[in-house]
Amino acid sequence: MDGFRIIIAEKADAGRRIAYFLSGGQVKSHRAKGTSYLEFEYNGSKTYLIPLSGHIVEADFESGYSDWNKIDLSDLIDARIVKNIKNKVAYQTLQAFRGKVEEIVIATDYDREGELIGVEALDIIKEGKEEIRRAKFSALTKNEILDSFKNLIGVNYSLADAADARESIDLIWGSVLTRFFSVTTGRLGKSFLSAGRVQTPTLAIVVDREREIQSFRPERYWTISITFDKDGQFKARYPENIKDQDTAEKIYEAIKGKNGRVSSYTSKEDHIRRPAPFSTTEFLREASRIGIMPTKAMSIAENLYMRGLISYPRTDNTVYPRSINLKSVLKKLENTAYSKYVKEIETFDRILPSRGRIETTDHPPIYPVDSPKEQLKGDYGRVYDLILRHFLSTLYRDGKKTVAEAEIYVNGYTFKAAGQHTTDRGWTEIYGYDPKDVYLPELTEGEDLKAIDWNIQREETKPPPRYDMSSLLKKMEELNLGTKSTRHDIIGKLIERGFIEGNPVKPTPLGMAFIDAVRSVNSHIADPEMTAKLEEDMDRIEKNEMSKNDVVEESKKMLHEVLSHFLTKTADVKDIITKGINAGQEIGDCPFHEGKKIMVIRDRFTYTVRCEDPSCKINFRIKRNGSITLSDQKCPVCGLPMIKIIRKGQSPEIKCIDPDCSYNRENEDYGECPADHGRLVLRQSKYGKRFLGCSNYPKCTVTYPLPQMGRITKTGEVCPYCGAPILALSRNGRKWKFCPNMQCEYNKKRKPEAAVEKSVRKKGRNASKS
């Protein structure tokens, strides 16, 4: 095997596309030591491509530091970090080629993480005599791949060092802070209390805004407006908010019933500027505006990249490099839903795309590189559509509008009116953005205007809005919290760990208490400046301005100082967080204890619904895979209030707040178990999937997966083939019966049930993994 080439790819899908393009489709697949690799000829040389699945090794502390209760946290900060094998199969495959290779080409993603993965592979496979090169590409297309292998570059070890430093720093900070808060509050095991150097200041942003809202005191003010009529109605407003009621009424009485005279009028043509090309942050912000959460949007974008449909989705760049052949890209987009605009852009004498403020050389902005051969479904189609229409908008023409302003004199007071009229929608026609026109007719100075309505309105100042996903991502970028590749994950972790919820984003009582505890000891880890300084240092590693070891050591000194503050006030931290954990969200009055409230307490995996009075029988847990509100219905059995549990894709579940009420048992009971005559009860798995399980579990392990979408009701019938209860499914205006035993002959003999079976197999296969 002497004299051959090895190519290291980051993922299997990317590896297959690279091998296909380099070989012209002539690829052999091999499997050895539990992993697959590809063989082909390239440039007259035998070539093997080894696809990895992310990191081969991972950073951890050396052995002896695993006991959370016994290890001194100061010692943990300075513990030696080792690299343990994470992917044994990939490690053994690379080892098998060690010393037998003439050339190694790293073809992982060209960013910090990708470079570190490539360097990890090099450390395993190289002996020192091999030629080591790097393929840099930004899209998994034929032209990009072939061009990158014709123009191989050197490995960027500084890029890998920056990623390695981040991995070490995040390990140290995350482990020390998480252990401190978890041990201090007694939240161990699955309920551990997570903390980190980036997620803590990000949580603080959300908490600070909530505190602003809570402490906000509205102030009254008055506004005055006049409606005029000239070829249509328009409004002019008094230019100030008037804080004094007497002054407002004085002005109103002076202008009421009076006409106006134009004292000035200006009109000008203006542009509706095209958006800048997509950076990662702006893409995620726009995706959140169409209802796709950042973590999901990034996952979909990575999938589209692997399929060769879009460029690399992790980038700060907002300027298309000259190397992109825009006309060639447009040619591939001619058969999309926007073909009309594609063909129009192709007729431009020169295509001059918009430009953003940030220009980098690692990757271009996100743009479509090909059109899908088959229609993309669901959110995949929506994300691709967003990227496509955004790209076309950056190439199209600016919109145009006429902007007008007028000052109108009314009995000693000046009122102002403004209007705009879109004369050319331009790019907004593609993007689906509809500029709002405000009517203001053409006026001349000295012209008399007829007033038809005079209005005085009392208003109140409003609190600042909560952050939504879009504005939170923007704020993180402004404060240099995280990177383009990590911000969506940080938000996702805060949601998963019960610190924040909803969109707009609201902190949970636990999130509020956590930040209060952090700030009670003056530790500064909630301040963005500390983590932003470390982000800047990691940028300096990439630029060869600092060494990896210097940055890691500096971060350790910071953490020692932070820890010393916490250790002096352990009891205070415990008290604040414990109160936050027990606070919960109030959803209504308790019917059994006057003056007490029913609370919903959110844990990492469950909701606890309980009364403030610890002796009350209202105390039960529900798996945390939906939202809980107090229903306006009363229980038909006992008359007590009911709660509504809303899970995505399922009809709301209504429960009586009395856990012993027969209403709950009757509505969860779907019939007799055919195996042991127990009751088949509706359950929710830890993954949020609904299924039927026998009430005699664990003695009886019978379970039936259920369709995850639609409303399921009892029919009272029993299956003549297997004895299970026959159920009815209502969905999309249709209703049909089915047996929950999806292999049953009943379903095979009834045509509509084929659709049910397919739905269950696809969406309910994990339902019984409780």
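Cβ from N, Cα, C; glycine included.
According to Swiss-Prot:
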type    : residues : note
DOMAIN  : 156-563  : domain 'Topo IA-type catalytic'
REGION  : 194-199  : region 'Interaction with DNA'
SITE    : His55    : site 'Interaction with DNA'
SITE    : Arg166   : site 'Interaction with DNA'
SITE    : Asp170   : site 'Interaction with DNA'
SITE    : Arg314   : site 'Interaction with DNA'
SITE    : Arg497   : site 'Interaction with DNA'
ZN_FING : 611-638  : zinc finger
ZN_FING : 673-700  : zinc finger
ZN_FING : 719-744  : zinc finger
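Note: the Cα of Arg314 (site 'Interaction with DNA') and the Cα of Asp170 (site 'Interaction with DNA') are spaced 20 Å from each other. In sequence order, Gly196, Arg197, Val198 constitute the residues six or more apart from Asp170 (site 'Interaction with DNA') in its chain with CB-CB distances below 8 Å. For Arg166 (site 'Interaction with DNA'), applying a Cβ distance below 8 Å and a minimum sequence separation of six or more within one chain yields Arg112, Met538. Around the Cβ of His55 (site 'Interaction with DNA'), the same chain contributes Lys86, Asn87, Leu116, Ile117, Glu120, each under 8 angstroms and 6 or more positions distant in sequence. Between the recorded sites Arg314, Arg497, the minimum number of other C-beta atoms within 10 Å of a residue's C-beta occurs at Arg497.
For the recorded site, His55 (site 'Interaction with DNA'), the DSSP three-state label reads coil.
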